[in-house]
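Data first, discussion second: the structure below is written as structure tokens.
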């Protein structure tokens, strides 16, 4: 295994301990609050799942080799979870915005690290750019989260759209490029490179397209952007399912890979129908149904199962279990 892929046993153990603690806490919080998947509070919980569970699970997979011996993210991940839980369950205001701003500052620091390390490399691959993008995009989501907690509605977007945008960059902007990059490195070829390119273009294009639709200009951009992102995501779904049939893996890991790919496949077909609602309005599900089904599939089916599978694939001695 190359140096780029290498991950020492102590590093795996540190990240796993943090993931176990945060996952148990998240499940406790979710059960205690009694979230309804069709209510906006579900979006907030999906954000907490990403910040407190998916990011700690995926960060060591996305880090460049030069950054992997720095355990700071793992040890303060639980602190950010508790901090942002306070920010999200209380009414918006200056204090809640300041709590969210701590997360923004931290993600900006990660972004600076990613860009600095990237400048040290003379060779770039689409797979590595995807992995770097997975560490960059959450900073954009963090900025929108601050806006939501400040009750600020940039460019006239309502509070729900601001919150959904924050969730978009913490999920589609994180797990999708992360797993595209991992698939690109594990399954090199034209197909994986194409998927990486489509996702790198699609994640920001969707945000641009929604903005254009909001301002009622260039209405064709959103359907095109969604089609680009969905095409890349469907490719990643197939690559994840292909990983399920690689030899030398346990049945549990193969199952996790397959569930991850299948969940993404279904979730992105739903996203396509919603993104094409201006052309085919009868196809689109209501927005609450979209975040309840599409968001849940992406968070737990694709994101959590996929990250557990990749961690076990990279650190086979530790198995896929989190709880």
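In case you wondered, yes, glycine gets a Cβ from its N, Cα and C as well.
Of the listed segments 11-30, 291-310, TrEMBL assigns transmembrane segment to 291-310. Note: the stretches the transmembrane segment (159-182) and the transmembrane segment (96-117) are not in contact (fewer than 3 CB pairs below 8 A, sequence gap of 6 or more). Beyond its flanks by at least six residues, the transmembrane segment (291-310) meets 37-38, 42-43, 46, 49-50, 53-54, 57-58, 61, 164, 167, 171-172, 175, 178-179, 182, 237, 240, 243, 253, 256-257, 259-264, 266-267, 270-271, 274, 285, 320-322 of its own chain at Cβ-Cβ distances under 8 Å.
The list of residues near the transmembrane segment (194-211) in space but at least 6 beyond its ends in sequence, with Cβ under 8 angstroms from a Cβ of it, reads 126-127, 129-130, 133, 137, 140, 155, 161, 165, 168-169, 172-173, 176-177, 180-181, 183-184, 221-226, 228-233, 235-236, 239, 275. Taking Cβ pairs closer than 8 Å, the transmembrane segment (217-239) reaches residues 172, 176, 179-180, 183, 187, 191-192, 194-199, 201-203, 205-206, 208-210, 261-262, 264-265, 268-269, 271-272, 274-276, 278-279, 302 in its own chain, all 6 or more past its ends.
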